[in-house]
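Here's the structure we're looking at; comments come further down.
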Amino acid sequence: MDTPSTSTFSSDTKPSAPKLLGSTYRRPSSSRTIYSDRFIPSRSSSNFALFNLPNSSASASSDDSHSAYTNLLKSALFGPECVSGFQPSTPEKSASGGRYSGRSSSDGSILQISPPNCNIFKYKTETRKSLHSLSPFGFEDQLPGVSHSPVKAPRKVPRSPYKVLDAPALQDDFYLNLVDWSSHNVLAVGLGNCVYLWHASSSKVVKLCDLGSDDSVCSVGWAQRNTHLAVGTSNGKVQLWDASRCKKIRTMEGHRLRVGALAWSSSALSSGSRDKSILQRDLRTREDYVSKLSGHKSEVCGLKWSYDNRELASGGNDNRLFVWNQHSTQPVLKYCEHTAAVKAIAWSPHLHGLLASGGGTADRCIRFWNTTTNTHLSCMDTGSQVCNLVWSKNVNELVSTHGYSQNQIIVWRYPTMSKLATLTGHTYRVLYLAISPDGQTIVTGAGDETLRFWNVFPSPKSQNTESEIGASSLGRTQIR
């Protein structure tokens, strides 16, 4: 039986292979380059000029003016040991580029030993990264000509209203809520003893009702899905109107004093009064109200249902903020941190259980609560009486309107509470606030008898169309 031929293993040769059937085995030529069985990445296409590094043939003749920069860059990329004159081995100098060259001299000694961190691994594609992106520390401040990635500019909020409506007899009363914007893009405004409707798409003004000389409008509130409008009056009654037909549907009693706050929840309507009570009304029943909520010690001036219609937040002139559920007649949560009347209330549409509230002149603070865990999250002193709050539907931001002493409107980014914009223009307290159905526009009202429209929020990500009320409606008109 024939045995395969063998030879002595050295750095230049491999062990002989057995003869293959039908072929003759030939011993490799001594002049042919033989690679070891280790994976050796090829560096033949390495672009050393990309790093401003001289190759081995030009290292001795490098320009002195660039030597300091070259050494600094080599030290940052390959370690300090590479600066002492060592050059990364290349395939032209060595057949194997691992930890040692793999080739022996005539006397058997290793020609060159490479530090493990000095290899430049180069594969098929050439890197397109800028120099400062490869650096472990900031070269951009030291190297001229290095391009910086552009920083995204903050969103700009127009500082002026794009439309102003004159609103004669708009009352300067902190405890009333006389402006609301429907899902059908119709603005309702209570002026004296009348309610007017302003159609945003056409700028058409319609007089809905006149309560007479012995009564006045104290609050207005649109139903969530239809064209029903609730009107709270100074004599303690709540009227329900079908705005599409300008027809009164019913009148509900139960309060002894004026009704300054209204809040809808599906087919249920809540009303808050100066008589310190909150009445829950079910419009599907014949009764004026189905339950009475007691807890406040002074006039109820703020009411808001959460977006899931499970919790009702109420604020009063007793400096208290209460949270009620659908079945309670006593508050399930009580917050007493405010030191002035709580009219401004807003539920976040982005996070379940996140509630914002604002205090009056003696308080000036916006506070955030987690009603799920019953915790006080944060407090921001605004420096002015907080009259209203509303969250953006499109981004995690909110708007606050203020009274004494700056009468400003502030756009906040939550949760950092950094100011995106401060809007001024009203000369009286900004007591009234509503947001458009597309979530981009707010309308503010004040005792200066004007309504001002501001573009403060971006459009929803799902739509790129502009609001129906745009630049075409610029100008100043009158609502009555």
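Note: Cβ is positioned from N, Cα and C throughout, glycine not excepted.
According to TrEMBL, the feature compositional bias 'Low complexity' maps to 1-16, 94-108. Positions annotated as region 'Disordered' by TrEMBL: 1-32, 88-108, 461-480. The annotation domain 'CDC20/Fizzy WD40' is assigned in TrEMBL to 165-454. If you look up TrEMBL, you'll see 210-251, 293-334, 423-456 marked as repeat 'WD'.
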Just give the helix, strand and coil counts over the repeat 'WD' (293-334), going by DSSP.
0 helix, 20 strand, 22 coil
Helix-strand-coil residue split for the repeat 'WD' (423-456), DSSP-based:
0 helix, 17 strand, 17 coil
Within the repeat 'WD' (293-334), what mean pLDDT does the predicted structure show?
96
What are the DSSP helix/strand/coil residue counts across the repeat 'WD' (210-251)?
0 helix, 23 strand, 19 coil
